[in-house]
Amino acid sequence: MKFTLSWLKEHLETEASVQEIADTLTRIGHEVESVHNPADGLEAFRIARILTAERHPQADRLQILAVDVGESEPLQVVCGAANARAGLVGVFAAPGVYVPGIDVTLKIASIRGVESRGMMCSIRELGLGDEHEGILDLPHEAPVGQSYVEWAGLDDPVFDVAITPDRQDCMGVRGLARDLATAGIGRLKPLAIPRVPVTDAAPAEIAIEDKEGCPAFFGQLIHGIQNGPSPEWMARRLRAIGFRPTSALVDITNYIMFDLGRPLHVYDAGAIKGKLTARKAQNNEKIEALNGKSYDLDPSITVIADDQGVKNIAGIMGAEKASVSGSTTDVIIECAYFDPAAVSQAGQKLGLASDARIRFERGVDPAFLNEGLQIAARMVLDFCGGKATQAVTLGEAPSAVPVISYDPSYVTSLAAMDVAPARQREILEQLGFAIDAGWRVRVPSFRRDVSVVADIVADIVRIEGLDNVPSTALDRGDGVARPIATHGQLTERRVRRAAAAFGMNEAVTWSFISEKDANIFGGAFWKLANPISEDMKVMRPSLLPGLLTAAKRNRDRGQSTIRLFEVGRRYLQEAERPTLGLIFAGERMSRDWQYGKSQNFDAYDAKTAVSAMLDSVGMPVEKLQLLGDAGDVYHPGRSGRLCLGPKNTLAVFGEIHPAILAEFNMEGPVIGAEIFLDALPLRKNSGQLRQPYAPSMLQPVFRDFAFLLPKDVPAADLVRSIAGADKNAIVEARIFDVFTGETIDENEKSLGIEVMLQPAEKSFTDAELQGISDKIVAAAAKKGARLRA
């Protein structure tokens, strides 16, 4: 919602500064997104008159102008605007002036051999709009040499305020002025309802068939108008909020909508055949709307139509065929009340948005129909002339308003604020509420958001100021334990920290994905009944689709190394499961003079990361089983799963299958992993503190072994067996070499394993070392391995 300071002062008598107004609006619940003064940076632009315009000798599209800028001698300016001509009064920028619309500081220049000492400017070049087909053409009487900002009244700050969906009454400047006045920023001026003289001529012919979609339809016919430009003050305000002035009739409806929050529509009466009727659309009816698009209608949509067809989608947008133009002489002004739900559903079905729709679907003031029509008719008569017929009022808008039994003590009990009853009454009455002696509060017709006591308290609190609500801790009842994090919360916290420590970036992706992607990653189990779009139709069965999309977006923007993780929920048929998802894409190591060409991530990077995350939550990583069959998402030969026992899968990892990467239009390799946090067992609490680490005073001993092992036996099984051969002496066992080739059997592989032995109280003797080695060989033999000769 945008408005200017001068516009606000039409309704609010105030001397408050721009900053005070902005701060107060935000304090009472209307967040000010920006305040912009169009005059900033335009102080140096002056009004100038073109004395002569001659063709440039070296360019057909350029003219050499002699420009009077109010100085003793005219200045020479080279100009390419098609409308530049002798006698035109426009806006001039001298050398040294910064032109914001084109981001250029002017200087004296030679253009095709002719010196130019400045520039005649267009609306776009001034940064005041998008019009750029020609230079500004001001009224002939505009004073040459005067500041354009001063003459045009541009020193008028523009506020941009975010109005919450429940406050339709503040979708007009007057509603905001009412709130500001209540907050002590000024005095609300009374709204004058003008008198409209009428003739005895036949009134507008209107009717209502769809009383649910259009409970009330008011209309007034005005004859003999001349639809010229709107007054400069109105055009200036509309331009300031981003509207291009079109004609007086169109500008009047837009102005009243933003001024009073009352949408209207004006029809060219000459294009109407028969009665204007509010009815349901018929099957296969179409409308060519004012936005230039065609829409197919159906009987669920309320329309305004004549004998020839639809002339308006009720509360949303009119038809091109009944629109007003410069040749319009007779008009019908529509001021109606349309059902908010019907307008909202029609707009969603047609995919059609408008400023009128926003206001109607939030609910306009049903008690302001006649007043809105009178104000519009008076403006038409004042700006366009003509004679008005008697207004026609059909139907009745909803008139029931809540009457709420209230007690001033509710503010203390609900908001912990101490506000005197007299002050509460003052606030409510200034906001438009009526209060009798027994504190029965009658809600104003324009406040659809107020229906219970808590709503009244909320109004009082926001006007008094949330800053005045004391910060008070809630009382903790006897026997109520202090809040502690659950096991699941602690687990998520630990793995999140571990992932960040591993050098990964946390991502937050949508929980909704397309049905196509869901089927790729396990199935579309939870479908939304009313999805935002087809791409957000299903609750994700895996975190990988969102992470893959994020990785692709980053790669498309030039990122060569991507490490992403997310902690979130997967939605499966039986339940939702907390999960940690990981994605590695691109280069693990960039090309380097020392290491040569770049190296991409592989499945081992994912295994290392997963192991680190599991270790952070106390899982015995060295005891986990590494199995294949990670699922169809992964490359069958470059993936695996870590299990605590054969049935409890803690994590899956590996290279994403090329077919899935093709679905996401990505090039591999891309590495992924998921850790199933709810599968992690609870850590047993012994009740004792962990003993501090005490490093041995003795040197460790390293022994290397080379074993021949059947190819179908996982290397991890052998390593785990060796590590358990003598738990008192063996600290670690790890693979340092893998070999297959002609010198060994084709069904075997050679593994080089380094074993770290740590003596406790004294160094190992040769006999002890030999005994440990024998245990290692025996443990390996249980897995089918033998020492390589």
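Yeah, the Cβs are placed from backbone N, Cα and C, and that goes for glycine too.
Per Swiss-Prot, these features apply:
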- D449, D455, D459: Mg(2+) binding site (BINDING)
- 39-149: domain 'tRNA-binding' (DOMAIN)
- 399-471: domain 'B5' (DOMAIN)
- 696-788: domain 'FDX-ACB' (DOMAIN)
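Feature map: annotations from Swiss-Prot on the structure.
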residue : record              : Cβ neighbours (10 Å)
D449    : Mg(2+) binding site : 17
D455    : Mg(2+) binding site : 15
D459    : Mg(2+) binding site : 21
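Mean pLDDT across the domain 'B5' (399-471) comes to 93 in this model. For the domain 'tRNA-binding' (39-149), the DSSP-based tally of helix, strand and coil residues reads 6 helix, 45 strand, 60 coil. The helix, strand and coil residue counts that DSSP assigns across the domain 'B5' (399-471) are 31 helix, 8 strand, 34 coil. Within 8 Å of the centroid of the Cβ atoms of D449, D455, D459, where the record puts Mg(2+), the same chain has further Cβ atoms from D166, R447, V450, S451, I456, A458. Each residue in the domain 'FDX-ACB' (696-788) gets a DSSP state, and the totals come to 25 helix, 32 strand, 36 coil.
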